[in-house]
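What TrEMBL says about this protein:
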TRANSMEM  12-32  transmembrane segment
TRANSMEM  53-73  transmembrane segment
TRANSMEM  79-100  transmembrane segment
TRANSMEM  112-136  transmembrane segment
Amino acid sequence: MEGYLRFYIKFQGYTMAVVCILASVLATMVIYQNNDLHYPLEEFYNYRFMGSSALVFGACWFVVGASMLYGIIKEVKVYLYPFAVMYMLDLFLIFLRDIVSIWTNRPWYEIILLNPVAGFVALYTTLHIMMSLVALGKLFDQDPLALRGTNFVRFKTENRPGEYDPQEHLGDELSLVTE
């Protein structure tokens, strides 16, 4: 694979991993400092961003981001899977929150499924993240780190009797090449 394309794909992965780690720490601190740990039942629809569950999700996102960063550095595809699973779980919880919000007659602009701009951003972000993970996986399969450095080629300088000698069969063409 071309060096610049390889760099671009890995840079996308590094960016996603570092943003995941930083955002998990910052978002968890903000949620923990600004919210109570216990909520009344009528506000239970926002399960992902409230109370102690936000702390658990923040710790999980930190571990997943570190796993992805390690997987990109070592070019091991298996370490990319937790990021995809955690992202899909988080997206599922947001969609579940939207369904409960529709059911409880919340305003339409708070609901990602009904807000066209937020829906477009969620769709674009999901496609971008998943395609970046697929590209990283393909990169690690097709051009592994262990095989890239083995460019050693041994040339034979002598032929044993009975082996094919290309100089014998060239004849006059050999003189054209050497002159």
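Each Cβ is built from the backbone N, Cα and C atoms, and glycine gets one as well.
Sequence-distant contacts of the transmembrane segment (79-100) (same chain, at least 6 residues past either end, Cβ-Cβ under 8 Å): 13, 16-17, 20, 45-48, 57, 60-61, 63-65, 67-68, 70-72, 111-114, 122, 126, 129-130, 133, 136-137. Residues of the same chain lying 6 or more positions beyond the ends of the transmembrane segment (12-32) and with a Cβ under 8 Å from any Cβ of it are 49-50, 54-55, 57-59, 61-62, 64-66, 68-69, 72, 80, 83, 129, 132-133, 135-136.
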